[in-house]
């Protein structure tokens, strides 16, 4: 009697608690015993098992020949659709492929514990024997250590009906894996089955051995199997968290049903890792390029800064002219000639010139060079001698004329301190100041180098045998010296107190512009002789009275000394004249009562220099006497600042701004409407004729109103 085998439906739902119904009393020819997996049946494991990295496939259980069981009842889960029964077909043509790994629904949706779904049917009895009592076959689970966080469950493939009497087909080999993958054995049956089981699908390669499908994951939802008698079921991929390879059956022929391996899920990860590596390499390359460009920019910036520093010393081109000298002068007769900056070098204990920068310039000179330039510091080259040392005229190898000052400060001060102080002073530049352009340190010797000034100093022109200075020149010299001192006191950083203002330290240009020299030398002497408390800084006749009582020099001390210089310009007398009668040797003490009388009566003949012959401007003489009287006051707090003295001299020149016209006697000429040149300028400057016309008209009306 022929039987029509019916393939049981595949269930991807959790285990069914109710036993399957009894099988039909159909008989089938005897078949060899089923081929089972090597593992013996094992008891059901606990509900939860750690998920393996790949989905695990199990060998299907044997089914009865010719006695297909009826379809199982509908699973209780609502999330999984019920399996559809397979229409029976002739045994030779029916070869259902093994079912791929299918995730099962979460345990929350199934009332029984989350286990691998049991086999759809229990093993049927032999032919012509009533089916045994229905009993649910226990599910077979094989545990496997999970590599991922969430568990993955893969149900076993459905049983297939093979009523043929041929021996069972061989099972296709499994892909290679690090450890053998064990398939769960078929469930035990009371009676042996007589139909060969279908080939068990191979398990995918995995890093760890997969022994059984674990309990269902929490977030995985089951998908309904698509069963077809002649086509293999679709392959479902495991959850994204696991990295297994998924088997895809090739055809419905068991002998040619070689599984197709999909690439593992961690392939994208390797691609991402490769992409990340490439990005990191690109980022590192860009960073290295930026660092190289930054270093190159810093190098170029340093070179440009060095060039600017060297070129900052250069100035106007002034050709020195021959000069006459006197031993009475305490300063060199030099001037700034900045056509060539200076560089430096050191050799054999002394600083040697170093060609560099522009025009082989140098700021540090060797002692041998200065000896050669001054002809061995001969008396023929001596320009003057004062409290700080002797001044010699010298000619450098490049033809420049310089003044070399030998300081009498000894070697008490360290080289670093002296060099730092000189560098600070050499940075001071003003049109009414003489700056230091070089220095030399050789053992205990200290030398300063200035450019040569050709027109001597104020002391020489006032008290020498040359022609008499006219009044206008004297006013010009006084105003220039006041500006230079005001710069040192108020605008220079750090502020500098000269400490030795006198007529011999006011050098004159060829056009009689005044330039104050030797500023800062008193401080150098004090720094080098701090242990000497009896040294007197300054010159008798110029020193302020508070210095004699306290020994303290302040800015007001310089103001007092400048007042003495003003008295020299007014009277033509020396600060201390021993040829005068007793009690009149001091210029300040002699001039005090005369200053008060001249301010009250505006009679200046008693104070004015007889050499002038009365050729002076009375208003300027009055202003000059007034300024001198304020500077030589006894109390330092009553003396004006140098800035106030400068403004007093500027007011002398401000009187010429009116050009002989008085306020209110003139009318502003409106040239905006009558001069063609002004109209052209207006169009070029403003672009709009109406706007510029209103502007000029408004200014003209305001000027007229102000005059009225």
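The backbone N, Cα and C atoms fix where each Cβ goes, glycine too.
Marked as topological domain 'Extracellular' by Swiss-Prot: 1-280. Residues or ranges marked as compositional bias 'Pro residues' in Swiss-Prot: 1-23, 30-243. Annotated N-linked glycosylation site per Swiss-Prot: 25, 269, 272, in sequence order. If you look up Swiss-Prot, you'll see 250-260 marked as compositional bias 'Polar residues'. Under the heading ATP binding site, Swiss-Prot lists 383, 384, 385, 386, 387, 388, 389, 390, 391, 405, citing sequence analysis as support. Annotated active site, proton acceptor per Swiss-Prot: 500, in sequence order, evidence recorded as sequence analysis.
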Residue 387 (ATP binding site) to residue 500 (active site, proton acceptor) - Cα separation in whole Å
10
Please report how many Å separate the Cα atom of residue 391 (ATP binding site) from that of the residue listed as 'active site, proton acceptor', as a whole number.
17
Around residue 391 (ATP binding site), how many other C-beta atoms are within 10 angstroms of its C-beta?
27
Densest Cβ neighbourhood among 387, 389 (binding-site residues), 10 Å radius
389
Summarise the model's confidence over the topological domain 'Extracellular' (1-280) as a mean pLDDT value.
42
Entry from the recorded positions list 385, 500 having the most other CB atoms no farther than 10 A:
500
For the C-alpha pair, I'd like the distance in angstrom between residue 500 (active site, proton acceptor) and residue 389 (ATP binding site), rounded off.
14
Pairwise Cα distance maximum in Å, ATP-binding residues per record: 383, 384, 385, 386, 387, 388, 389, 390, 391, 405
14
Provide the number of Cβ atoms within 10 Å of the Cβ of residue 383 (ATP binding site), excluding the reference atom itself.
25
Look up residue 383 (ATP binding site) in the DSSP assignment and reduce it to helix, strand or coil.
strand
